[in-house]
């Protein structure tokens, strides 16, 4: 399947492009008795199209990232991918039904379809993730977080089926929000992956511990990552540099904390050998602190230079 991967991905991309094209071609443009466009129906139809577009685009974006990280597609994954594309190809039909009549039955069946598509996609992404080479994998914390997020999303879509059955309009609003939130989350995850991949192992451990420790820090980091990923080239570059300044400041404080703890261990060392071991570790931390300070100074110079232009 290694030689077939590019052809499979190209086939999937073509199917997804056709799906989106069919959805937009089926947008109704109805004229009133006076020959004018019915704006309410038009904008309502565009809103429903937007739901399906974001849903399909979000899945394509995730797939593009995962397929780029593997070398081949296993037979099992190929079968799941074909089933996924089959169910996804039904989206235009159900989108047309939603546009024609947003009633309880149609919204409910649209929810069932989106649940099946999401379930198949979750299985595929999980299987592809296990094929990523160890050197290219993210820390275990991020993989567990993603798996947990996918399970929560599937559970929420089941609950949403009940909501959509009893309140179709509310269900439709939530179906509108889900793919938008998912798409933004994927952008943030991609930006975070790029930052984390540039850290050494100690920095990765500290970053993960900080995420586990401080929920407020999570929100702040997510907002910084979102701003960095969505900014224009010049502003985004400054935001990325500022992100590293903030992280290096936090990492420097962590090194200082470790250094103080080592001072206490050196003071209470049981024997000369243990004391020498702690002193070597202290020297390593000092060198790391000096390195961080040099990086911080260079980054600040670039930020000041960019702002002065």
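Note that Cβ sites are derived from N, Cα and C of the backbone, with glycine treated the same way.
Here the structure is a predicted model, which means the values were calculated and not measured.
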Per TrEMBL, which of 78-95, 132-149 is transmembrane segment?
78-95
TrEMBL lists transmembrane segment for one of the ranges 150-166, 167-183; which is that range?
150-166
Would you please say which range out of 39-57, 58-76 has the annotation transmembrane segment in TrEMBL?
39-57
Between the stretches 7-27, 39-57, 107-129, 150-166, which wins on the count of C-beta pairs under 8 angstroms to the transmembrane segment (78-95)?
107-129
Given the transmembrane segment (7-27), which of the listed stretches 39-57, 107-129, 150-166 has the most Cβ pairs that are under 8 Å apart from it?
39-57
